[in-house]
Amino acid sequence: MLTIFLVSLFGFLAFGIPVAFALILSTAALMLFHNNFDTQIVVQHMMAGAENYTLMSIPFFMLAGEIMNQGGISVRIVKFANDLIGHVRGGLGYVTVVACMIFAGVSGTAVADTAAVGSILHPVMKKEGYESDRSAALICAAGCTGPIIPPSMPMILYGVIGGVSIVGLFLGGIVPGLIMGFALMIYWYIHSRKKDYPVKQRVPFIQLLKSMLDAIWALILPLVIMGGIVFGIFTPTEAAVVAVWYAFFVSFFIYRELKLSKLPEILLDAAISSAVVMFVASAATSTAFMITVGRIPQAIAEVITSISTNPLVVMFIINIFLLLVGAVLDLTPAMLILAPILIPLVKNLGIDPLYFGVVMVFNLCIGLLTPPVGTVLYVGCGLSGHSIMQLSRRVLPFVVVLIAVLFLITYVPETILFIPKWFQGR
Amino acid sequence: GCGKPAPAPDANKEKKPEVRVVKIANYFPPTHPQNIALKEKFKPYLEEKTKGAFKVEIYDNNQLGSEKEFINGVSMGTIEMAVAGLLQAEMLPKLKIPEFPYLFRDYDHAMKVLNGPIGEEITQGMIEKGTRPLAWSVNGLRAISNSKHPIKSLKDTKDIKLRVPTNSIFIDGMQALGFNTVSMPMTELFSALQQKVVDGQENPAPTVLTSGWYEAQKYITLSYHILGPNIMIISEKFWQTLTPEQQKIFKEAALEYAKYEVDLMKKFDPEALAKLKEKGLQIDELTDRPEWEKAVQPVYEKWYKQYPEFKDIVQRIKDTK
Amino acid sequence: MKILLYAERALELFTAFLLACMAIIVFINVVARYVFDKAFPWNEEISLFMFTWVVFLGALLAFKRHRHLGLDIVINLLPNLGKKVAAFIGNILMAGALLILIQGGIKFYFQTVVWPAPATQIPYGYVNAVVPFSAFFMLLLLIKDTVEIFQKEKNEGEGGTQC
Ligand code: NA
Ligand code: NA
């Protein structure tokens with residue numbers, strides 16, 4: 001059963017057909033093998049996968065991100081970060097990381113984060129004399145804080161699949177997200193000491209204050225979202241909707257940069273982007289049904305536990321496995337295909353599913369940077385005009401840094417669990 | 001695993017009759033009386049009596065999808081059996097009756113009515129929908145938990161934001177009792193309670209225990225406003241492939257399991273309450289139960305208006321001794 | 001062919017409109033709960049139904065724009081002719097997946113059209129109809145794409161070199 005599943009899925013994928021269709025076909029293959037072929041099963045479970053109130057937050061977070069981009073909010077985040085730390089050697093590098101981390105507080109995906117910050121910062125970095133390819137690589141790596149720092153689309157998917165508290169997962173991502181940002185900045189510090197990057201003058205304090213006030217509306221949005229969820233004002237889905245209206249209000253009434261005529265395109269773009277994700281999620285739900293009926297998680301658990309039942313060793317094996325999967329599969333499908341298989345396994349071994357969720361999201365985020373399939377890497381290529389080969393080489397040191405952080409959070413679980421536990425004990 | 005090739009057909013010449021798999025879907029956690037009864041009663045009974053012709057596989061905790069999904073699955077024949085709630089009431093309105101507030105006196109009263117002729121009358125039409133009812137059991141007497149203050153009488157309900165399922169009987173009933181109702185899916189309930197998006201919820205005490213919601217609750221009131229019935233269904237397509245003897249064994253196994261489950265539930269309810277008390281919950285009884293029974297009368301009136309035949313059925317249920 | 005362009009535009013606007021409605025309805029829920037201490041049970045249901053429509057109509061629009069997530073590394077390793085053959089086989093496989101959705105979707109529609117949703121009383125079948133609908137139009141788009149594979153072949157055979 002396991003063999004049928006893997007061979008059919010990767011076989012179909014090899015023909016270059018979209019993941020959602022490959023999932024539908026491998027579901028059909030499993031049904032044929034299991035002697036219960038019925039097209040209605042596929043559709044019924046696909047509908048059930050889409051009919052999910054929590055997943056409704058996905059189009060809303062995408063919509064909020066798009067409105068903020070078009071409404072001048074992203075520009076102000078970058079300007080503020082620049083006035084704050086642009087004056088040290090290699091300053092724009094830190095600006096990139098800080099801007100990405102702030103934007104991560106309002107966007108749920110790495111692609112949105114990378115594209116929003118990168119499209120503003122990359123041209124500036126190039127003009128100021130930073131190497132174009134290295135800058136692009138840094139932007140890509142920093143953009144991966146997007147789904148680690150809450151809100152996070154992959155964490156929503158994981159929470160729905162595993163029945164894990166989404167608020168808990170969001171809280172669990174805060175410290176790993178901060179560590180990730182600081183690790184990138186430390187690397188950049190070591191790197192830029194050797195380089196002759198230009199040093200700009202520190203901006204007068206009054207100008208820093210001005211750009212902070214100008215960006216304040218964007219800066220408090222992360223607090224509105226997380227505060228609203230944590231203090232029980234709304235559920236994650238509602239938080240996403242509040243983010244939409246907040247972004248709309250700020251861009252339209254305060255910054256006055258959003259044109260109403262642009263709204264249909266913004267809405268359509270958010271709808272299609274989230275449909276792409278949701279179509280895979282929906283197809284994966286029907287596959288998950290057949291995975292359960294075929295007892296595939298048990299088969300995989302047997303393979304892994306035959307090697308070791310020590311949680312530390314199992315986490316190591318799973319991490320390596322996920323890094324390999326992340327190389328060839330995008331974050332969303334990898335999460336949707338593997339979470340239903342891995343969650344029962346880790347639960348059986350006494351591993352906290354909340355902790356595991358954050359590790360899994362972090363791990364698969366690294367996959368967004370690794371060739372051959374790395375969506376964020378592709379965005380970086382689009383931004384900078386470099387080839388995948390060239391950018392992959394430049395992004396390699398950052399990937400090494402992120403893998404180090406991955407193993408840090410894996411083997412020091414408190415980094416993840418500290419904040420969720422603290423809030424529960426409240 | 002199943003990935004290995006099957007042994008060549010002529011490896012063992014005497015062909016053993018194929019073992020047929022019976023998948024049973026439900027939404028209860030593995031430790032719930034429903035799953036214990038399925039595991040300890042239904043599975044061994046059926047497998048032994050049919051001399052291994054059937055193999056029962058229990059899929060708890062929504063493993064085969066949510067309630068709506070697995071009911072559809074049973075009706076299509078892709079899932080053989082399920083223990084479900086009364087979601088099909090939207091198609092077959094008579095199924096709403098067992099969930100009317102303060103309808104049954106206790107578990108025994110409910111079982112006597114539902115597993116008798118009135119139960120058959122209520123489930124009319126289910127076979128045509130592909131889901132044959134086999135036996136009724138119980139999800140439990142529903143209690144009200146909250147994090148704000150003790151609820152002892154009708155005066156205490158006004159400022160409580162209570163989560164209820166998206167089901168008009170529950171919404172109308174709890175509103176008639178004075179609560180502010182919020183409907184949200186079960187999956188969001190835990191964090192909603194924790195973050196105080198809602199103050200409380202109403203479910204049987206064992207569910208409050210097994211789902212961990214007590215972590216976010218301080219008080220529980222034994223209102224016992226609704227007796228949540230469950231119904232074991234079998235796919236009509238699958239049923240028609242069984243021999244009359246096999247059908248008889250399935251029916252017996254179902255009734256045995258149901259009886260066992262209700263017995264477990266009678267023990268499990270006080271046990272769960274004791275454990276909840278240990279976890280620090282304050283347990284309250286109603287001081288004015290007749291008032292509560294009176295307050296929900298509009299729910300009955302509303303449905304009588306739409307379906308006048310309900311009045312007679314309700315009367316016969318109340319008359320059942 | 002102009003009518004097709006209009007139809008596509010209408011579908012785009014309708015999808016965008018549904019998402020806007022979702023944003024309004026869910027927001028009303030938050031406001032109603034906090035300002036008026038009230039919640040509407042139909043709210044969750046109707047927004048969820050709109051969401052499933054956005055997902056499947058959006059999937060159709062994404063299909064038109066070739067935006068579905070896929071893996072083209074293996075195909076890219078192949079020589080030109082191999083690419084065409086693989087693309088052709090890939091399209092046949094996708095047609096298979098779409099036929100599953102169309103047949104299963106129609107069956108599922110008839111099963112659920114008699115089942116009204118609790119709060120809004122909208123039959124689930126109306127919601128589920130979006131699956132065969134989108135799948136059918138995806139199939140048409142797929143056929144068009146497949147024909148284009150062969151047309152390109154012909155052009156190249158005639159010496160057309162636009163790569
Ligand atoms: Na984020
Ligand atoms: Na990758």
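Counting starts with 1 at the first residue shown.
Keep in mind that glycine also has a Cβ here, set from the backbone N, Cα and C atoms.
Among the ranges A:4-28, A:354-378, the one that TrEMBL lists as transmembrane segment is A:354-378. Note on the transmembrane segment (A:239-255): residues 56-58, 60-61, 63-64, 67-68, 70-73, 76, 106, 151, 217-218, 221, 224-225, 228-229 of its chain, located 6 or more positions outside it, place their CB under 8 angstroms from a CB of the stretch. Beyond the ends of the transmembrane segment (A:398-419), by six or more residues, the same chain brings 137-138, 140-141, 144, 171-176, 179-180, 183-184, 187, 312, 315-316, 319, 323, 352, 354-355, 358-359, 362-363, 365-366, 369-370 to within a C-beta distance below 8 angstroms of the stretch. Within the chain, the transmembrane segment (A:136-161) has long-range Cβ neighbours (under 8 A, six or more residues past its boundaries) at 52, 54-55, 57-58, 61, 93, 96-97, 99-101, 103-115, 117-118, 121-122, 169-171, 173-174, 176-178, 180-181, 184, 188, 225-226, 236, 239-240, 243, 277, 281, 288, 331-332, 335-336, 339-340, 343, 357-358, 360-362, 364-366, 368-369, 376-377, 379-381, 383-384, 386, 391, 394-395, 398-399, 401-402.
With a threshold of 8 Å between CB atoms, the same-chain residues lying at least 6 positions outside the transmembrane segment (A:92-115) that come near it are 57-58, 61-62, 64-65, 68, 74, 77-78, 80-82, 84-86, 121, 124-125, 128, 130, 135, 138-140, 142-154, 156, 177-178, 181, 184-185, 188, 192, 197, 218-219, 221-222, 225-226, 243, 247, 331, 365, 368, 375-376, 379-380, 383. On the 0 to 100 pLDDT scale, the domain 'TRAP C4-dicarboxylate transport system permease DctM subunit' (A:6-414) averages 90 in this prediction.
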